[in-house]
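Taking it in order: structure first as structure tokens, then the write-up.
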Amino acid sequence: MNLVMLILALWAPVAGSMPELSLTLFDEPPPLVETEPLPPLPDVSEYRVEYSEARCVLRSGGRLEALWTLRGNLSVPTPTPRVYYQTLEGYADRVPTPVEDISESLVAKRYWLRDYRVPQRTKLVLFYFSPCHQCQTYYVECEPRCLVPWVPLWSSLEDIERLLFEDRRLMAYYALTIKSAQYTLMMVAVIQVFWGLYVKGWLHRHFPWMFSDQW
């Protein structure tokens, strides 16, 4: 539309009979709106990590317990630690922020993550800082292993499934055998209690000859 008006405006002085047109080639820009500036990112250029290690286990019921240990130049304000885990389906980053141990040390830091339920098919747990300087230095991962006692009386079927996922088949079959024996003994105990409280009394009342001393 602006191009058509420009052609008419240039042609009007030549034609002589064309009425004058008020031409506006460009619209006025909207007024600037002042916005609050974003808070500056922490200066982590002097932050250095010389050693980083993570250990993680899965307690009964798929509860993750992880420890992240760092050593280095930690005298500057620490960036926010982040955790996410990887499953067969992909990544998930909705994990609570690890809790830092209360310590005055400027050389070593430890972060804990306790009692967070993760899927049974979790492959890796990954730790990093956000934001960070030289992120590859801080990136560390660990493979969670299911922690099952030698007498797995309180282990669940989910724990046995996790053992199979970790390819620890011998431990999984052992735990399954112990759980089967446990459930069998529990059923025997229930049957004995039911027999003593109800069945035996009913037989005494209706068939007393079965308990006669003359036999």
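Backbone N, Cα and C define each Cβ position, glycine as well.
Around Cys56 (disulfide bond), a 10 Å sphere centred on its CB holds 22 further CB atoms from the protein chains shown. Taken from Swiss-Prot, the feature disulfide bond applies to Cys56-Cys142, supported by similarity to another entry.
Among the features that Swiss-Prot reports, domain 'Ig-like H-type' is placed at 47-146.
As annotated by Swiss-Prot, N-linked glycosylation site applies to Asn73, with the evidence given as similarity to another entry.
The annotation signal peptide is assigned in Swiss-Prot to 1-17 on the grounds of sequence analysis.
Annotation comment: Swiss-Prot describes 18-182 as topological domain 'Lumenal'.
The topological domain 'Cytoplasmic' annotation in Swiss-Prot covers 204-215.
Marked as transmembrane segment by Swiss-Prot: 183-203.
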Residues near Cys142 (disulfide bond) by Cβ (under 8 Å) yet at least 6 apart in sequence within the same chain, in sequence order, are Ala54, Arg55, Cys56, Ala66, Leu124, Val125, Phe127
Row Asn73 (N-linked glycosylation site), column other C-beta within 10 angstroms, all chains, value 12
